[in-house]
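In what follows, a structure is listed as structure tokens, so that the remarks can point back to it.
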Amino acid sequence: MTSSYMRLKAAAIAFGVIVATAAVPSPASGREHDGGYAALIRRASYGVPHITADDFGSLGFGVGYVQAEDNICVIAESVVTANGERSRWFGATGPDDADVRTTSSTQAIDDRVAERLLEGPRDGVRAPCDDVRDQMRGFVAGYNHFLRRTGVHRLTDPACRGKAWVRPLSEIDLWRTSWDSMVRAGSGALLDGIVAATPPTAAGPASAPEAPDAAAIAAALDGTSAGIGSNAYGLGAQATVNGSGMVLANPHFPWQGAERFYRMHLKVPGRYDVEGAALIGDPIIEIGHNRTVAWSHTVSTARRFVWHRLSLVPGDPTSYYVDGRPERMRARTVTVQTGSGPVSRTFHDTRYGPVAVVPGTFDWTPATAYAITDVNAGNNRAFDGWLRMGQAKDVRALKAVLDRHQFLPWVNVIAADARGEALYGDHSVVPRVTGALAAACIPAPFQPLYASSGQAVLDGSRSDCALGADPDAAVPGILGPASLPVRFRDDYVTNSNDSHWLASPAAPLEGFPRILGNERTPRSLRTRLGLDQIQQRLAGTDGLPGKGFTTARLWQVMFGNRMHGAELVRDDLVALCRRQPTATASNGAIVDLTAACTALSRFDERADLDSRGAHLFTEFLAGGIRFADTFEVTDPVRTPAPFWNTTDPRVRTALADACNGSPASPSTRSVGDIHTDSRGERRIPIHGGRGEAGTFNVITNPLVPGVGYPQVVHGTSFVMAVELGPHGPSGRQILTYAQSTNPNSPWYADQTVLYSRKGWDTIKYTEAQIAADPNLRVYRVAQRGR
């Protein structure tokens, strides 16, 4: 060996990184000191790390190290937010709502929320377990090890190089970011309303509306799931060519920030061996597979919080009655540091939770206020649950994990196993609003709101209207497993963010509490397309060879980019604009529809890179498809059918508006010309389309008039098509925005380019599959002491 190589190896050992050039060492080989951390990292193509360790602490160490290598700026920024320091470093105003987020995070710190989560619940399932605690500590140590040996000023990512807000992590930092994720769809979506809640003044409203407008409330609460969605298939033996279980995972998540996924394969020999993806900053696989079972998640329609209407004490708007006795709210003033000085806000808490407002609907008046109970606020079970899911051998064992831990904060589960059995379940954390409680405790003016939306407003003046406890629930206040919708099938289950009702069209799930979602109602265009794709594939009528699914056929279906809205109404729309070639836009302009009509007549009803006219149809649909036909509960996949009320003037107005907003001539621009994503100076063509248009492969990239759609905001992110065959799992994966946010990383844009051409990375799970990777790089990270 050359002396230069020996010097390089010595330097690597000094930094705690050993590069293996030949035989792969065991994770603990050459461990510097008993009780330290050591992990073996094998980087495969596209930077995907396969991490092996002897225990969960060292596994977390490896995860923290590689995630810091690839995304240290994202993790550091999320920690700043969770610690109530966002306003200080990023300003008090702007698109991040830094002031609101900082104030809320500071309140959570003052309340010792994360510390109390680590103490575990007073009653219910004990969590987090020792393995998870070890893994979190290890993650922190691995992140800090990378930062210490690299140095803030030598980071290669310009987004945080040399920034004062990049610092070593503590264990509590990581638990705070986890808590932020738990409450995302509950109190996290109501931050504005919680921060804005102040006692009434003489100038405020005297009373709240007696009959709240359900549509107005829905609009005000629209942020509860903004920016996230998903599709998933669980295919059983009757749906696959080989009779094995198969899963398609297709979460739709933001392309920037802490909610990006990160691909990895984690292994503690004999205890845990799971490949898939997790959100950046999380130490455990959240969507993925082991040798015999695979799973994905889709965003559930169930509600995560309930309102309590408070009857206030006359003359004292910060006191309320419970069973005829007054109780005082607890006022807490929180002061945060911003770039321009300190800012103070006062929060008001009740026995139910914080007071919140939705102006014009849920106002704080001299007589009435509203408090919320977020049932995820005490959810410390998530990482325990995902860890145990990864150890399940089949979908029945997986369901047992879900039943015991009830940890999923706001998602369904769709799974399949090597025996060919598929599972759907909404095992998410849901407030315990049973039919009996709703009937007895939702005041009459709020009953229509609950029936239409599942938003429950309970009578806060009665203690018997509290959420109570189910005997089989993991913790009090949530629906137990016996009240949740579950379906096992040997053909298929699916979900695309509608409710549980049609997870299996052959066996609809009905009779569940309204708070979980609606039943026997029209499904979204994306749900209908997802079901139609499966049914056509099983019948062999989709234009692809044969019948049934292989992973190759599943990939083709996933990226077929059908636009179901266009399939249903394009011909009628073309006929209409040919009969009436001019229309008045909503701004009063008279628009010639001739060119648009020609483009739509040639549109292939897909969102492929070479599809022309897709953007025009997408903008038209922003005005809403209007069916004259009715929904048939016995035919939910195909109704409402495409029968238009062509006399409705809004149809032609919507088309005129689409023409006005079109980035250029609809007859000359393809999806690949105008749907792009930036990677430095490079603009990568992006296929896919809006979910509202009935596109399965969702890509949301806002229109910039005169330019096109230059930046993806959210959509298809991690995609997995995996088959659980007799020789182990096989299939395809991709992470659309790539592993790293660092523009100087080799893994900054490689998978985005791969996605653009509908390519894939082959799943590598077995030792033989990993060893065969042509780009494999092996190294070990270690640290003395813990």
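Cβ atoms here come from the backbone N, Cα and C positions, even for glycine.
What Swiss-Prot lists as signal peptide is 1-22, and the listing cites sequence analysis.
The region 'Substrate-binding' annotation in Swiss-Prot covers 35-130 and rests on sequence analysis.
Per Swiss-Prot, the feature region 'Possible recognition-sequence of an AAC processing enzyme' maps to 220-239.
Annotated active site, nucleophile per Swiss-Prot: S230, in sequence order. The Cβ neighbour count for S230 (active site, nucleophile), using a 10 Å radius and every protein chain shown, is 25.
Sequence annotations record features per position, and here Swiss-Prot assigns region 'Disordered' to 658-689.
Annotation source Swiss-Prot lists compositional bias 'Basic and acidic residues' at 672-684.
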Point to revise | the compositional bias 'Basic and acidic residues' (672-684) - residue tally per DSSP class, helix then strand then coil | key: 3 helix, 8 strand, 2 coil
Point to revise | Integer mean pLDDT for the region 'Substrate-binding' (35-130) | key: 82
**Study point:** DSSP-derived structure type at S230 (active site, nucleophile), helix or strand or else coil
**Key:** strand
